[in-house]
Amino acid sequence: MSAQIGVTGLAVMGANLARNLARNGYTVALHNRSIEKTDALLEEHGDEGDFVRTETLQELVDSLEKPRRILIMVKAGAPVDSVIEQLTPLLDPGDIVIDGGNSHFEHTRRREATLAGQDLHFVGVGVSGGEEGALLGPSIMPGGSRESYDWVGPMLEKISAKYHGEPCCRWIGTDGAGHFVKMVHNGIEYADMQVIGEAFDLLRSGAGIEPQDQARIFSDWNAGTLSSYLIEITAEVLGHTDDRTGKPFVDVVVDSAGQKGTGRWTVVSALELGSPTSGIAESVFARALSSQQDQRVLAQESLAGHEATVELPENFVEDVRLALYASKLVSYAQGIDMLTAAAAEYGWELKLDEIASLWRAGCIIRAELLDDIMKAYAGKDRPANLLLAPAFTEAIAGAVPAWRRVVSIAVQLGIPVPVFSASLAYYDGLRRERLPAALTQGLRDLFGAHTYNRVDTEGTFHTMWGADRSEVEGVDTH
Ligand code: 6PG
């Protein structure tokens, strides 16, 4: 029996994707560096569909119909290169190598170019939804040549999550586009989680609401405009009591947030693209600060707080909800701005409505909001910024008074709200008529003759700061 797709790398994500493919009627050839994992999968789940057991990459390749489709599910980085190196000599022109890990999009671009030189297709696929998503239907973001999508698209669409019957899988664009979009998804995921954390901290430290009671608040919020997977599971985590101590679970977990890298990559890429992704950046920095336990212990003893006493508004919980919602919108706006910048930089025709549409189900950031975001980009009049889409301009306007109250209360109480406040600063920066960037330009011109433009005439100018301060037309020579 020849298999329609091969999967190499059978850790949880690989195993679950292989099972998902088999459950959807595809014959799946299995390969893992150690045969034990392959056998364990067959032992436990072999009856879920048609699997072909293979012991070597050569066997895997030989078991597949042509053009071959091979899904690599190994750890991102060097292991992917190592599998590609072993695999490619065994393949024929037209075969398709698929990387379903969280690979860096630049690596995907490089690998795609190398394999294209050998007449092989390389498809970098962003997969979101965690272990359960991989098994039951993830959100899938495939990049690579349009032609390769004809071979892998139908399969991926079939195993993907469905939003009202629509597959959450679309061809994203050439080379690294799929992994880029997955990376930005993760950046938004970081910001989403951080704003939830800030809301939790404000409600606990500001309003004294205990986790169990907050679980109910988050559940209520999940029934409204904030409805999303992350808000739903926040209610679950906050409602959980630790078995050993009887304390709220959140109180027995060390408050150092881990990170595997995709959030950091998002911010590095945003910096390179010149896209102001401040909320996402603050969420990455918040995890970094949380992990500086030694410094935090010393700072708790030494740094003064001088917190003020603040009377909380009666509807503080609702204010926090609105601040969370507004900050969340900003994170999406910033993520989407990055996608626009990347499309121009890398020559991708990213369709923002389609990207929003495939984040509506299956992935970690799935949210009701994404349906409206999709609609905002679906028409001809695409907004220059998500916040400028009429529906969102109005929605955020309704949240602004509460947002300002919450940020100022947080500042007075000494509760750090890096993403709430950075997002508000972004919002104000965007809407402000004059920014102090004019002064920055003046300073740059004084110390470095970097020149400036004038508001009243075309051209580039320099003031002779060290001489008579006359103005000359000039070019920045530094
Ligand atoms: C997803 C998740 C997934 C993974 C993150 C975790 O979309 O399914 O984003 O890819 O859970 O990479 O990232 P951190 O360990 O950096 O939080």
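Any Cβ shown, glycine's included, is placed from N, Cα and C.
If you look up TrEMBL, you'll see LYS182 marked as active site, proton acceptor. What TrEMBL lists as active site, proton donor is GLU189. According to TrEMBL, the feature NADP(+) binding site maps to GLY9, LEU10, ALA11, VAL12, MET13, GLY14, ASN32, ARG33, SER34, VAL74, LYS75, ALA76, ASN102. Under the heading substrate binding site, TrEMBL lists ASN102, SER128, GLY129, GLY130, HIS185, ASN186, TYR190, LYS260, ARG287, ARG444, HIS450. The domain '6-phosphogluconate dehydrogenase C-terminal' annotation in TrEMBL covers 178-466.
Close contacts with ligand 1, defined as a Cβ under 6 Å from any of its atoms, occur at GLU189 among the recorded positions GLY9, ASN32, SER34, GLU189, ARG287. When the Cα of MET13 (NADP(+) binding site) is compared against those of the binding-site residues GLY129, HIS185, TYR190, HIS450, the shortest separation belongs to GLY129.
Residue environment of ASN102 (NADP(+) binding site) contains 20 other Cβ atoms, counted within 10 Å of its Cβ in all protein chains.
Comparing Cα positions, ALA11 (NADP(+) binding site) lies closest to GLY129 out of the recorded positions GLY129, HIS185, GLU189, TYR190. Summarising the environment of ARG287 (substrate binding site), the number of other Cβ atoms within 10 Å of its Cβ, over all protein chains shown, is 19.
Neighbours of ALA11 (NADP(+) binding site), defined as other CB atoms within 10 A of its CB across all chains, total 13. Among the recorded positions listed (LYS182, HIS185, ARG287, HIS450), LYS182 has its Cα nearest to the Cα of ASN102 (NADP(+) binding site). Most Cβ neighbours within 10 Å, among the recorded positions LYS75, LYS182, HIS450: LYS182 holds that distinction in the structure as shown. Checking each of the recorded positions GLY129, LYS182, GLU189, TYR190, HIS450 against ASN32 (NADP(+) binding site) by C-alpha distance, the shortest gap belongs to GLY129. Taken residue by residue with DSSP, ARG287 (substrate binding site) is part of a helix.
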